[in-house]
Structures are given as structure tokens and as C-alpha cells.
């Protein structure tokens with residue numbers, strides 16, 4: 001058999017036939033980026049690899065230690081074939097149906113958009129080669145992920161197929177490559193697997209929309225209260241404030257609200273369990289979706305807080321600030337006046353900055369521990385302590401920081417322009433409510449009951465007891 005395939009094969013590196021036992025030989029159709037990366041990873045995992053190509057003698061550089069043959073010769077040499085070619089070129093596989101009969105075909109292809117074809121690529125391949133066992137797998141991994149090995153973000157390999165033996169073979173290969181295989185059922189699930197790579201930040205859509213909506217709403221609100229109000233009532237053009245001053249009010253507002261939204265669903269869930277008296281009833285779907293996107297909400301909140309820090313740091317170098325300081329200095333010099341040192345104001349400003357710095361520091365700690373590479377190194381108790389206990393500490397520090405910013409402004413009518421509340425007051429409503437509700441949950445009588453419920457205890461319903469007594 002080796003004499004037959006020798007004329008149409010090109011060996012990139014002679015194989016050591018004396019080695020025992022002989023590693024398993026796998027075939028790859030396609031010499032593109034994905035095919036080369038997959039072949040390199042298979043070689044590193046102890047497999048022998050042969051490539052099938054339309055142009056065996058001019059297919060470009062391939063991993064050292066592999067062979068390249070024609071499609072027909074490569075298909076005859078291995079019992080498992082990775083199909084790393086686009087669906088548009090599947091017609092060549094139909095002519096190879098006799099050589100591929102009884103073999104396992106691993107379809108790794110994807111489409112450019114959803115519903116591009118009436119049937120999934122893997123189903124189409126199975127129809128072209130009915131005698132083969134098609135398994136959809138490895139399509140959710142990029143060439144980079146295959147070449148560099150599995151990481152926390154792409155450790156899973158989804159697969160589906162109609163043959164249990166074929167899926168078991170692919171599972172063993174995926175495990176040997178360092179991935180975790182997840183069986184999604186029959187080949188009818190192939191379309192779902194092919195749609196996975198086409199999803200653009202599915203878990204981020206709701207948080208991003210919420211962040212964008214809050215940002216636009218509060219920005220327009222501030223433009224009306226500040227710029228429009230100043231032009232209408234004072235005849236001043238202060239539109240330049242739209243670039244730095246107004247965003248520096250909007251960013252901390254959105255950050256504090258989104259941080260609060262990370263912990264509000266947990267509070268709602270706790271009160272819901274107290275009301276029901278059990279943990280075995282499902283939460284509403286909207287609450288489930290809300291709790292699943294808390295990580296994204298927190299990271300976006302940290303991003304807005306970071307923008308607030310950066311915008312605050314450039315305040316001293318702004319032309320408007322320099323002008324105001326110089327004008328105030330000259331005016332006091334002309335009037336021969338000096339300002340007295342206000343100890344109360346010094347305490348207020350120093351406390352305000354201190355709470356902001358501490359809050360942002362713990363904020364960063366929460367963001368760092370949410371990274372998979374860090375969270376995987378923590379025990380569940382450590383992760384829970386940081387994200388829950390320190391999370392509420394962050395919420396308290398940031399809320400207190402905002403209260404110190406407001407100080408006694410709520411007593412001054414000037415800040416209620418057009419009878420509207422300042423943005424910082426609006427941002428304090430939700431976190432203040434969450435902090436109060438959290439304190440209620442910490443009461444010994446409430447905390448004891450909630451702990452028992454989460455340990456499996458269920459409160460008996462008097463109506464159920466009456467019904468049981470009537471039945472007995």
C-alpha cells in the first residue's frame with residue numbers, strides 16, 4: 001500500500017518506523033491557518049498527521065513531521081479526517097465518498113452569517129458522504145487557540161453527531177489536546193454549534209445597552225440643566241463644559257448606578273426566598289438573566305469609574321480652571337482681601353478624596369478577581385468574600401464619597417435648576433435603598449432565617465397543612 005501512495009506524497013520529515021508503539025495517524029483536509037494550527041497541536045499531543053490537498057507539491061509551509069498527499073491517498077491512510085475546508089468546496093468530498101466510507105469526518109467549518117444555507121454544514125456533509133460518520137466539533141476554536149493550547153476562555157469543545165462511537169473517538173482526541181468535550185446530542189444540533197462563533201458579545205448586550213442608555217440620558221439631562229439653563233437665564237455661553245465638566249458628572253453617576261445594579265438582584269433574590277420560605281422555587285426569568293450579567297455590569301461600572309478618575313486628574317491643567325484661579329487671585333489682590341482657612345471645608349474635601357481613592361482601590365480589586373486567570377486560583381470562599389463582602393464595602397465607600405461631594409448642597413436652592421434634582425442626588429437613590437435593604441438582611445433574626453432557607457429548610461404553609469389534614 002505504501003508503494004501506491006509514495007509517488008503522490010511528499011514527506012516533510014521522515015517518520016521513525018522503528019518507534020513502538022506507532023502513534024495514531026490522523027488526516028486533515030485543508031492546509032489553511034486552521035488546518036496548520038490543528039496539525040501542529042496534534043503533533044505536540046503525540047499523533048501522526050497527514051494532510052490532504054488539491055496541490056500536494058505546492059501547498060505552502062506545513063508543520064515539521066507531517067506528510068501531504070492528494071485527498072484520495074490521505075483519506076485511505078487514516079480512519080479519522082478533519083474537514084478544514086469551506087462549505088463551498090465540499091463538492092470534492094462527494095467524489096471521495098468511496099474512500100471516506102466508514103470513516104469519522106470531523107467538520108470544523110463555520111459560516112459568515114446565520115441562516116446562510118437551509119441546512120447546517122455538517123448535515124450537508126453527511127448528505128454528501130452518507131457512508132461516513134460526521135461529527136461537528138472544534139468549530140468554536142480559533143487557529144490561535146489551537147496553536148497556543150487551551151486557556152480559561154476557550155477550554156471547551158462542543159460536539160454533536162449521530163454516531164456514539166464516532167463522538168467518543170473525537171472526545172478522546174479533544175481530551176488529549178487538553179480541551180474539555182461537551183456532547184450536544186445528535187447532528188441536528190450542528191446549526192446551533194455553527195451559530196456560536198457568530199454571536200457578538202451575547203452576555204454583554206444588555207449591560208452595554210443599559211450603560212449606553214444611562215450615559216445618554218444623564219448627559220442630555222446635564223446639558224439641559226447646565227448649558228441650556230446658563231444660556232437662557234444668565235446669557236452665558238458655557239457650551240465648552242460639554243467636553244470635560246459634564247462627562248465628569250455623568251461617568252461617576254453611571255458607575256455608581258451600575259455598581260448598585262450588581263448587588264440589587266442578590267438583595268431581591270434574598271427577600272424573594274424569605275417571602276417564599278424555600279430555595280427550591282425558581283426565580284423569575286428576568287431575575288435569572290439579571291444575575292447572570294452581574295459580572296459585565298461590574299466591569300462596565302469599573303470602566304466608567306476609571307474614566308471619572310482620568311477626567312478628574314486633568315482638571316488642574318484645564319484652561320478654564322487656570323483662568324478662574326488667576327482671576328480670583330487678581331481680584332483678591334485688588335481688593336486687598338485674603339480668604340480665611342476653613343477647617344470644615346478642609347475636612348470635607350480630604351474625606352471626599354479619601355473615600356474616592358479607597359473606593360476605587362477596592363473597585364480595582366473586584367475587577368482583577370473577576371478575571372478567569374485570577375478567580376480560578378481562588379477558593380469559592382475567597383472569591384465569595386471578595387465579590388460579596390468587599391463588593392458591598394466598595395458600594396458603601398463610593399456612596400459615602402458621593403454624599404461628601406454633595407455635603408450641604410441639597411439645602412441651597414441654586415442647585416435645583418428648573419426645579420430639577422442634581423445628577424449626584426439621582427445617583428444616590430438606588431445605592432441608598434440597596435444599603436438599607438442589605439442592613440435589614442443582616443439583622444440576626446432575618447439572617448438566621450435566610451441561612452436556614454439556603455441550607456435546605458422550608459417553611460410550612462398553613463394552607464398546605466390544612467389540605468393534608470383533610471385528605472388524611
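From the backbone N, Cα and C atoms, a Cβ is placed for every residue, glycine too.
In TrEMBL, the feature transmembrane segment is placed on 390-408, out of the ranges 276-294, 333-351, 390-408. Highest Cβ contact count with the transmembrane segment (428-446) among the listed stretches 250-275, 352-378, 390-408 falls to 250-275 (criterion: pairs under 8 Å). DSSP states for the domain 'Pyrroline-5-carboxylate reductase catalytic N-terminal' (27-111), grouped as helix (H, G, I), strand (E, B) and coil, give 31 helix, 19 strand, 35 coil. With helix defined as DSSP H, G or I and strand as E or B, the domain 'Ferric oxidoreductase' (253-398) counts 122 helix, 0 strand, 24 coil.
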